[in-house]
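These features come from TrEMBL:
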BINDING   98, 99, 115, 116, 117, 118  GTP binding site
COMPBIAS  1-11  compositional bias 'Basic residues'
COMPBIAS  12-31  compositional bias 'Basic and acidic residues'
DOMAIN    24-179  domain 'C-CAP/cofactor C-like'
LIPID     2  N-myristoyl glycine
LIPID     3  S-palmitoyl cysteine
REGION    1-31  region 'Disordered'
């Protein structure tokens, strides 16, 4: 009778030649490409132009520290970026999925896009910003802001990889954690500021290969007026519902309205529920409820005398068959704008 615990005799197929060592097991984490922190850091540089080309950061964290008189360009998306103890530097940062944190920096000029932006213990900075949440400054002085204005072919895909919407930009809605009575630690750059006067294009052959444009009409992020004083008492709200060409339609409507002399004040991309639509669109809500399940809506606020009438005309002539909501009249326009953006800010936690 055989024993239940007896070992199976090894066949020739199972046995190994004498003296041959068994190979160590391979695990998936052993096969990952090793990350060298030095590839994701600029440290201790002086009087240099350096950067990273598209695809070279690919969502990693990045650190910039102790740099002086440098031009730094990161043409890729990243997880988070910290900039410490830098002086007189020009810095461009591609889309950042999380936070960008400046600490103890002086006389720096920057262009960047991120989910969260914070400045602490800094002095004299100029920032062309796209930020999904309210930018924060702390223990800092003479910080000036303008709207992000930049283009290169890979940038739209990098925004998507970083999980950022080009329409969620609160660049001018600054919160100062340490205000000083009678003083303002931050301000907005003049509206006619030329980006290249502040952030020059790279000069090295490697970085010049990135096809950059700083023209407002080509900027990936729509250039908005933000918190600047409005030129007119009349604003118009246009809401585009999710579809195959929503982003393209939003851009075309912006181009048409700006081309006719109106100002883009602010933009938002958010999800809406039925109760949200009822509050914003009121008696028109039933016309749009079936569209809410298709995805987020994009809202645009335009300002200028006659904005409502002109926007309605453009939508009827150019976007015939595309479902949009546009303020019905000058009298209701302000209420439409306020209702939508108050709802949107609550949704986004601003």
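Cβ coordinates are placed from backbone N, Cα and C, and glycine is handled just like the others.
No curator has checked TrEMBL annotations; they are predicted automatically.
Remember, predicted model here, so these are calculated numbers, not experimental data.
Within the same chain, residues at least 6 positions away in sequence whose Cβ sits under 8 Å from that of residue 115 (GTP binding site) are 96, 97, 98, 99, 131, 132, 133, 162, 163, 164. The Cβ centroid of 98, 99, 115, 116, 117, 118 marks the GTP site; residues of that chain outside this set whose Cβ lies within 8 Å of it are 80, 96, 100, 101, 114, 131, 133, given in sequence order. Non-local neighbourhood of residue 117 (GTP binding site): 99, 100, 127, 129, 131, 133, 135, 136, each in the same chain, at least six residues away, with C-beta under 8 Å from its C-beta. Neighbours of residue 118 (GTP binding site), defined as other CB atoms within 10 A of its CB across all chains, total 20.
Other Cβ atoms within 10 Å of the Cβ of residue 98 (GTP binding site), summed over all protein chains shown, number 15. For the domain 'C-CAP/cofactor C-like' (24-179), the model's average pLDDT works out to 94.
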